[in-house]
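> Questions regarding the structure given below will be posed in turn.
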Amino acid sequence: MYKLIIRPILFCFDPEKVHYFTFSLIRTIAKIPGFTSIFKSLYEVNDKRLEREVFGLKFKNPVGLAAGFDKDAKLYKELSNFGFGFIEIGTLTPKGQEGNPKKRLFRLQEDSAIINRMGFNNGGVLEAVERLKKNNGVLIGGNIGKNKLTPNENATSDYEICFDALYDYVDYFVVNVSSPNTPNLRELQEKEPLTQLLNTLQNKNQNKQKQTRDGAQSSGAKPILLKIAPDLTNEQLLDIIDIVKTTKIAGIIATNTTISREGLQSINRIEMGGLSGKPLTNRSTEVIRFLSQKSNKAFPIIGVGGIHCVQDAIEKLEAGASLIQLYTGFIYEGPALVKAINKEILKKSL
């Protein structure tokens, strides 16, 4: 029904307006008595064999929702009813910011893709924290970044602010230095500044662990992951492996959006921003395979980028991903994709 009726209607309108309309619609429907149970019965696959333990966390299934869909933690409870094993919120910054000027989100229907240049639009980390205080059982990842006006030499401070604010309310962290839509952000992917940033967060992580142990509770350090671009060279990817081992972060999310426009058909290919969707499928899988093989599977990888069908998901898992995430594929294919992937994982005993 989604692809035949709902998607054609939604795709007649501006993508960003549709996004917020969909948010309001899901929130409204979820308030109707009984609808939560209906959603779960339609989209959830409850099977112990789907459970995964990765970087010390227990996931009810390996299919998550990628960051960017629920930036401000406004809908994570409702979205979890679509069968996701975990929800990643963000990217969040210390201060709320409008992001880049509109129009900044574009469909490329001929390519089953999206280009966005949103620019970390969000209400600020503290607003999200207030919503996360009401969380009851949804496994949450916190994707953090820097404000647009913060110069790179002060970027670490922004990440620290977000880390401190979210620490008690998310299950894992994602350091986002790979978005192409914040000026100069990708420069932080270079080995020296990235190592410094991650070491700072890890030191803070360990200190928080000690403080917790001295107090009434003991929850341990939170897993910190790094989200990388698909546009890195093999040499840069080898640097990433070294950085993970040196800083002892928990793992990698591969990959973010790409600045490549190779092979695109849509007229919207001329738009600036990060490309996501089907054109990214093969490259993100290549990056996952490279990292897994060259590191000897030394750390977990969350695979994301161009998962539009069951086979796309299986290929990423077979390439070395421990978990996977959807975003653009969820928009193009609808919520039934989550259930289909989980059922195929069971079928293949992955």
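Counting begins at 1 with the first residue displayed.
Glycine residues also receive a Cβ, built from the backbone N, Cα and C atoms like all the rest.
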> Swiss-Prot records ASN116, ARG117, MET118, GLY119, PHE120, ASN176, ASN181, ASN256, THR257 as substrate-binding residues. Which of LYS71, LYS74, LYS77, LYS297 is assigned to the same site?
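The record-listed residue among the candidates is LYS71.
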> The FMN site in Swiss-Prot includes ALA67, GLY68, PHE69, ASP70, LYS71, ASN143, ASN176, LYS227, THR255, GLY277, GLY306, TYR327, THR328. Which of THR36, THR91, THR93, THR200 is also listed there?
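Checking THR36, THR91, THR93, THR200 against Swiss-Prot: the FMN site match is THR91.
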> Based on Cα coordinates, which of the following binding-site residues are within 10 Å of ARG117 (substrate binding site): ALA67, LYS71, ASN143, GLY277, TYR327?
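So the list reads none.
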> Near SER179 (active site, nucleophile), meaning Cα within 10 Å, which of PHE69, GLY119, TYR327 (binding-site residues)?
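Those near SER179 (active site, nucleophile) - Cα within 10 Å - are GLY119, in sequence order.
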> Within 10 Å of ASN143 (FMN binding site) (Cα to Cα), which of the binding-site residues GLY119, ASN176, ASN256 do you find?
ASN176
> Using C-alpha atoms, which one of the binding-site residues GLY119, ASN176, ASN256 comes nearest to GLY277 (FMN binding site)?
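The answer is ASN256.
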> Quick one: of GLY119, GLY277, which of the binding-site residues has the smallest count of other CB atoms within 10 A?
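Counting other Cβ atoms within 10 Å of each of the binding-site residues GLY119, GLY277 gives the minimum at GLY119.
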